[in-house]
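Q: One structure is given below, represented as structure tokens, and several questions about it will come after.
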Amino acid sequence: MDDPYQNNINQQGETYPTYGGGEYTYPYQADYPPQEEEDAASDVTEGHDEDEQMYEGEYQGIPHPDEIKEARRAARREARMKARMAAEVEEETLPEQYESIMEDCGHGRFQWTLFTVLGLSLMADGVECFVVSFALPSAEKDMCLSNADKGMLGLIVYVGMMIGAVLWGSLADKLGRRQCLLYALAINCIFSFLSCFAQGYGIFIFLRLCSGIGIGGSVPIVYTYFAEFLQMDKRGEHLSWLCLFWMLGGLYASFTAWGIIPHYGWGFSMGTEFQFHSWRVFVLVCFLPSVAALAGLVFMPESPRFLLETARHDEAWMILKQVHDTNWRAKGEPERVFHVKIIETSNAVIVSFVLQKVMKNMLSLAAPDIRLHGLFIAIVWFTMAFSYYGLGAWFPDQIKYLQFEEYESNVKIFHREKVERFHFNFTLQNQVHKEGQYIHDRFINIEIRNVKFEESLFENCYFEDIRSTDTFFENCTLKNTVFYNTDLWEDSKFINCKLENTTFLHPKKGCHLNFQEENDILIYLVSFLGSLSVLPGNILACLLMDKIGRLKIIGGSMLGSAGCTFFVFLCFSQWAVVLFHCLFFAASAAAWNGIEVITVELYPASKRATAFGVLNGTCKLAAIISTFTFGKFIGITKIIPIILSLSALVCGGLLAFKLPETREVILQ
């Protein structure tokens with residue numbers, strides 16, 4: 001039973017002696033003998049006011065409920081604080097952790113296999129840049145293209161590639177590198193194949209646009225994808241070696257064009273409505289690298305760095321183990337164990353609204369911490385592409401113009417000739433006939449190239465099975481003349497002519513290429529040499545990228561290219577243009593390698609493909625502007641294209657030195 005004696009203590013600290021318990025208390029004598037300390041502590045719990053009453057179970061060591069609640073709150077606060085600190089630490093250490101894992105996996109068979117597959121994707125991109133320009137001289141005759149149509153067809157590929165670069169680059173940060181590259185290559189394969197059979201200009205240009213949209217995703221995804229399987233000390237060199245495949249694409253396209261297109265008979269026809277000539281065979285052959293890349297990519301895994309960014313830790317671990325085991329088995333150490341057990345990362349959330357997230361990711365490229373460097377690298381991309389693609393299109397066009405001038409200088413002029421009852425069974429080429437008379441003449445199964453009849457008379461003549469190019473009748477008189485199965489059409493080949501009793505029977509439909517273009521063959525050779533000249537610059541960049549740094553490679557190469565551009569002022573012959581065309585490509589190759597490597601290293605994993613896609617889209621925009629602009633000055637002046645290219649290269653080369661050096665930076 002509790003002790004009935006208690007001490008009541010007021011707020012002022014004064015002690016009043018009491019007796020009894022419960023509701024009633026009585027004073028007791030002050031000289032009552034003092035209680036033991038333990039008993040006093042127990043007695044104090046009885047008869048207390050509510051505010052002053054101590055918890056009854058305290059003496060038994062049981063905490064008060066309020067204390068329990070407070071302790072729980074404190075524990076939750078501490079847990080949240082630790083979680084925040086852990087997240088900050090993880091954000092700082094994930095790149096280092098991933099770099100350590102890649103070093104443990106080593107560099108070997110897996111990376112070289114992926115290198116080959118992704119290289120084929122780059123090769124397909126390089127082919128796409130050349131295929132239309134090589135096929136155009138033949139396609140324009142097959143489809144009767146005007147100059148405006150030819151210009152649009154040349155630019156439409158770059159428009160598609162610009163759209164594709166931005167689209168697929170952005171999606172690759174949300175859907176995955178491998179998955180988006182598979183989609184992009186599949187689209188390119190499908191529409192490239194269909195374009196081989198398109199007979200009309202409208203459907204052909206649409207299919208090439210879609211093909212460009214597909215292959216446009218190749219460059220931004222390939223470099224991002226491959227970089228995430230490389231350790232820091234291997235990254236610059238091996239990304240530079242990867243650039244060689246783009247050069248191989250140019251070589252492949254020019255070599256196959258040279259070997260296939262001049263053989264006009266390599267095809268078939270189904271009447272005059274459906275024709276499959278040699279240039280279509282060339283287009284068909286050019287989609288093979290994309291097919292090979294697509295087939296190889298099916299067996300490649302997703303980037304583990306992307307999987308970690310999207311909280312798919314188990315999949316990332318399995319792929320990293322696959323990389324580790326593949327490499328060490330190939331090196332003869334199959335017993336080597338993959339020691340990584342758990343990869344600690346923050347739990348990212350995959351948002352279902354992909355397009356919304358893509359737009360948000362693109363806008364995030366303007367964040368304050370990367371805005372300035374992003375602007376600098378965008379200017380470098382633009383200036384380099386403006387000069388490279390502009391001059392790349394200008395050099396062949398300039399050669400063609402010089403050829404045309406030489407051709408025109410050798411034109412044969414016939415004045416007031418009179419030919420009667422003659423059978424023309426040989427080719428007429430590069431001639432002008434003025435005020436001639438042709439009476440009872442027969443023109444059968446011949447080719448007429450670049451021939452013009454002015455103010456001439458044709459009377460009782462017969463034309464059969466004629467194939468013509470750039471041939472016109474101007475201010476002529478035709479009497480009792482028959483045209484049978486020819487492409488000399490009444491509405492387009494006869495200008496201000498007087499036709500009396502003249503008949504056009506079974507005219508050929510469509511335009512036809514029925515002879516070999518020697519000038520086009522030279523253009524294929526020039527493009528082949530230009531692509532081959534990139535090799536020394538690529539090799540030099542590969543060897544020096546990790547030794548002298550990215551900035552010196554980019555700046556030095558762009559300034560060297562500017563020097564080559566300056567000496568184009570001294571080119572007055574075809575072979576002088578060819579020489580500086582090759583020198584320019586050789587000097588600029590290293591700059592492209594450096595630009596692509598530093599772009600991969602400058603941005604974090606969550607924005608890397610998006611940034612690369614936007615910058616590659618900027619590159620294609622510059623290509624569209626420069627090729628259109630430079631083409632307007634062909635035959636007028638070469639000063640403006642050279643000055644524009646020179647200025648762009650110097651500005652871009654100097655600005656490149658303002659970028660941060662990323663040679664020894666771990667991928668963020």
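The backbone N, Cα and C atoms fix where each Cβ goes, and this holds for glycine too.
Quick paste from TrEMBL:
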COMPBIAS  1-10  compositional bias 'Polar residues'
COMPBIAS  11-29  compositional bias 'Low complexity'
DOMAIN    114-663  domain 'Major facilitator superfamily (MFS) profile'
REGION    1-52  region 'Disordered'
TRANSMEM  112-136  transmembrane segment
TRANSMEM  151-168  transmembrane segment
TRANSMEM  180-200  transmembrane segment
TRANSMEM  206-227  transmembrane segment
TRANSMEM  239-261  transmembrane segment
TRANSMEM  281-300  transmembrane segment
TRANSMEM  370-391  transmembrane segment
TRANSMEM  521-545  transmembrane segment
TRANSMEM  566-591  transmembrane segment
TRANSMEM  611-630  transmembrane segment
TRANSMEM  639-657  transmembrane segment
Q: Where, among 112-136, 206-227, 281-300, 370-391, do we find the most CB pairs under 8 A to the transmembrane segment (180-200)?
A: 206-227
Q: Under 8 angstroms, Cβ to Cβ: which one of 151-168, 206-227, 239-261, 566-591, 639-657 has the largest number of such pairs with the transmembrane segment (112-136)?
A: 239-261
Q: Mark yes when the transmembrane segment (639-657) and the transmembrane segment (521-545) have three or more Cβ pairs under 8 Å (sequence separation 6 or more) and no when they do not.
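A: Between the transmembrane segment (639-657) and the transmembrane segment (521-545), which are separate recorded stretches, there is no contact, as judged by 3 or more close Cβ pairs.
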Q: Quick test of the contact rule: Cβ under 8 Å, at least six residues beyond the ends. What residues does that give for the transmembrane segment (566-591)?
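A: For the transmembrane segment (566-591), the far contacts come to 243, 247, 384, 387-388, 391-392, 395, 398-399, 402-403, 522, 526, 529-538, 540-541, 553-554, 556-558, 560, 638-639, 642, 646, 653.
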Q: Hey, which bits of the same chain come close to the transmembrane segment (611-630), Cβ under 8 Å, at least six residues off its ends?
A: 151, 154-155, 158-159, 161-163, 165-170, 172, 216-217, 219-221, 223-224, 362, 365, 374, 377-378, 381-387, 389-391, 393-394, 397, 599-600, 602-603, 641, 644-645
Q: What stretch, picked from 151-168, 239-261, 639-657, has the most CB pairs under 8 A with the transmembrane segment (370-391)?
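A: Comparing 151-168, 239-261, 639-657: 639-657 has the most Cβ pairs near the transmembrane segment (370-391).
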